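Feature annotations, courtesy of Swiss-Prot:
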- Cys28, Cys208, His233, Glu237: Zn(2+) binding site (BINDING)
- 30-40: motif ''HIGH' region' (MOTIF)
- 265-269: motif ''KMSKS' region' (MOTIF)
- Lys268: ATP binding site (BINDING)
Amino acid sequence: MITLYNTLTRRKETFEPIEPGKVKMYVCGPTVYNYIHIGNARPAINYDVVRRYFEYKGYEVIYVSNFTDVDDKLINRSKELNESVPEIAEKYIKAFYEDVGALNVKKATSNPRVMHHMGEIIDFIKELVDEGYAYESDGDVYFRTRQFDGYGKLSHQSLDDLKVGARIEAGEQKEDALDFTLWKKAKPGEISWNSPFGKGRPGWHIECSVMAYHELGSTIDIHAGGSDLQFPHHENEIAQSEAHNHAPFANYWMHNGFINIDNEKMSKSLGNFILVHDIIKEVDPDVLRFFMISVHYRSPINYNLELVGAARSGLERIRNSYKLIEEREQIASDLEEQSEYIQQIDKILNQFETVMDDDFNTANAVTAWYDLAKLANKYVLENTTSTKVLNRFKEVYSIFSDVLGVPLKSKETEELLDEDIEQLIEERNEARKNKDFARADEIRDMLKARHIILEDTPQGVRFKRG
């Protein structure tokens, strides 16, 4: 039985899917105007683990995460780079897949894009206007916030509280300062689409509502994203979706905590803005993922090199213990005794499932993995080892690895295929021919680190595995 903290009710609740055995999940994705930063990586990793655990428990998960490819940030970037908005979006969507792929995030069931759903967005807005929940004003379309009775229920704010900070910007023709934009009138030189309200483009909030509705239906099981999206983005999504769909938008709302850099909020103005594209050149992506899951998803994370170093050491400890289990297999026997070890392994697995059932507590799940490694290190020192026990160790290691998404072997230690080695030898030969001896030495040293020895023969360079 899985329980999760529901932001909507501010308490942990037992998860009950709309459809037995199936989880419909929508996670707010990035605005693709740049490479993603580590703040974007956190929800990608956290909710990937949530998905993996549901799948481990036997659920079919329909996991939808969008790309915002029409936005003020993209338009500004377009002017800055003198490239079209679609060109910029394509570039950074490709980069997103590369970055989250390096972090071992599973591909979503679907990654809808705003530009691909423009017709549905326009129809959705028109239906809200027809029902009196929205109104057109000088080419813009606004949502009547006070028309929706439940506004503020996610962020637990009243309309009176919100009225204090609300204001009407220059050029806006709102009926009420609390109303928000569904459709923006086109400005000269900006990307735009034809609509019954005139040329323009959608507001940010309506985009997610429509894509979630198109992909998952009127009501979804789980809607997730960063804490910063809770208000106004998710609050506005609820209002426009429930006004349109006449049904609850999402039964459970999950929000992950922020990432601070050396105890300071990450921001461009402070110069501590860290892109995943850059950091994975210096930090093993597996270590970065392990670091992220070592903290509960709702808690804030403080990122610094010392803490990342601790995560690296912890992951090495787990991997080294697994390697010892594999090595001990070579001299194991078919012993029937030592059942107490099987019991201890299963107890740790039960501990892992218990903490993951409790709001996906990956921090305590990592502790269970450390306990398994400690038990494995103790077991390999026994005079005799059982094949059955070693296999059970490996099975549970694999469960932890699959659920948490952290490979048991680093990419550096994975065995190269013969054709990969031949390709590297060919690249080294080319480098030597071009007198790029630094690159030639780099390839030689990399192969040596993987216990592959190069030998010069009359027939050319050959290799052997050490």
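Glycine too: its Cβ is placed from the backbone N, Cα and C atoms.
DSSP places the residues of the motif ''HIGH' region' (30-40) in helix, strand and coil in these numbers: 3 helix, 2 strand, 6 coil. Annotated Zn(2+) site Cys28, Cys208, His233, Glu237; additional same-chain residues within 8 Å of its Cβ mean position, judged by their own Cβ, are Trp204, His205, Glu207, Ser209, His223, Gly225, Leu229, His234, Asn236.
In three-state terms derived from DSSP, Cys28 (Zn(2+) binding site) belongs to neither a helical nor a strand segment and is classed as coil.
Comparing local CB density within 10 A for the binding-site residues Cys28, Cys208, the maximum falls on Cys208. Remark: His233 (Zn(2+) binding site) has Cys28, Trp204, His205, Cys208, Gly225 as non-local neighbours, by Cβ distance under 8 Å and separation of at least 6 in sequence. Close to Glu237 (Zn(2+) binding site) in the fold, though at least 6 residues off in sequence, lie His205, Cys208, Ser209, Ala212, His223, Phe249, each with a CB less than 8 Å from its CB.
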